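Here's what Swiss-Prot has on this protein:
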- 1-39: region 'Disordered' (REGION)
- 1-20: compositional bias 'Basic and acidic residues' (COMPBIAS)
- 49-73: NADP(+) binding site (BINDING)
- Ser181: substrate binding site (BINDING)
- Tyr194: active site, proton acceptor (ACT_SITE)
Amino acid sequence: MNPMDRQTEGQEPQHQDRQPGIESKMNPLPLSEDEDYRGSGKLKGKVAIITGGDSGIGRAAAIAFAKEGADISILYLDEHSDAEETRKRIEKENVRCLLIPGDVGDENHCEQAVQQTVDHFGKLDILVNNAAEQHPQDSILNISTEQLEKTFRTNIFSMFHMTKKALPHLQEGCAIINTTSITAYEGDTALIDYSSTKGAIVSFTRSMAKSLADKGIRVNAVAPGPIWTPLIPATFPEEKVKQHGLDTPMGRPGQPVEHAGAYVLLASDESSYMTGQTIHVNGGRFIST
């Protein structure tokens, strides 16, 4: 189905009482794959880690990477059914997939996940730091210290940990891709802590790009706008879910599959002269960087 035909009048009101959300319970299901897309070997022989790769944007990137020939480790928290579905779709492309459940906010888990990947596949070429959580609050006064620390641990500490553990295995020509957000640039009154982590990711991306440029390792980011992923019904009330994405110039939420090409570009040699940059996929909102 063409993403442009989807959800121009919003979504069915819905809410999930857990984070992370479960993709298989969403209505309609997000579009994670372009069945007409044919890979051309851009990532053939490469090995990628994708955090939060079980669903949403991470799943879409994983499927596209698989179509381009990459073997993939999927890191996820505990959404086992979504992760198994992603694994099946990856393995349909005749590449290998390793599922690694656990909390990327935990440094020890990050170290173990990288080592498992290298032990299983023999190397590592691409790191996609994509996992995130958000907890809307009407005021900063309602953001507890526990929530603040948890959001930062998942969203930005995990990127430090994963990058540190991955770096000894990355060589010239390898790539790191970080998922930031439009909220890093526009802010969001209900997502003050989340937006702060996403702003930190932009600075982290730029700083790491400078740090690793002489080693030939590229570091870039993707900044999604309002996208139809499990995080939306898992965080917002039903009425806000219904209206999600309708205020964009394109008049609809984006689909995960509409981000896949950006991740493939940044993972492949086609972005050999790009580092420290952010690709904005947001339905037409103009961003001052």
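Heads up, the Cβ atoms here are built off N, Cα and C, so glycines get one too.
Most Cβ neighbours within 10 Å among the binding-site residues Gly53, Gly69: this distinction goes to Gly53. In the three-state DSSP classification, Ser181 (substrate binding site) falls within coil.
The residue listed as 'substrate binding site' sits 27 Å from Gly69 (NADP(+) binding site), taking the Cα positions as reference. Here the recorded positions are Phe65, Tyr194, and the one with the most other Cβ atoms within 10 Å of its Cβ is Phe65. Taking all protein chains in view, 27 other C-beta atoms sit within 10 angstroms of the C-beta of Ser181 (substrate binding site). For Gly69 (NADP(+) binding site) paired with Tyr194 (active site, proton acceptor), the C-alpha to C-alpha distance reads 33 Å. Around the Cβ of Ile57 (NADP(+) binding site), 31 further Cβ atoms fall within 10 Å across all displayed protein chains. Cβ neighbour count for Ala61 (NADP(+) binding site) (all protein chains, 10 Å cutoff from its Cβ): 32.
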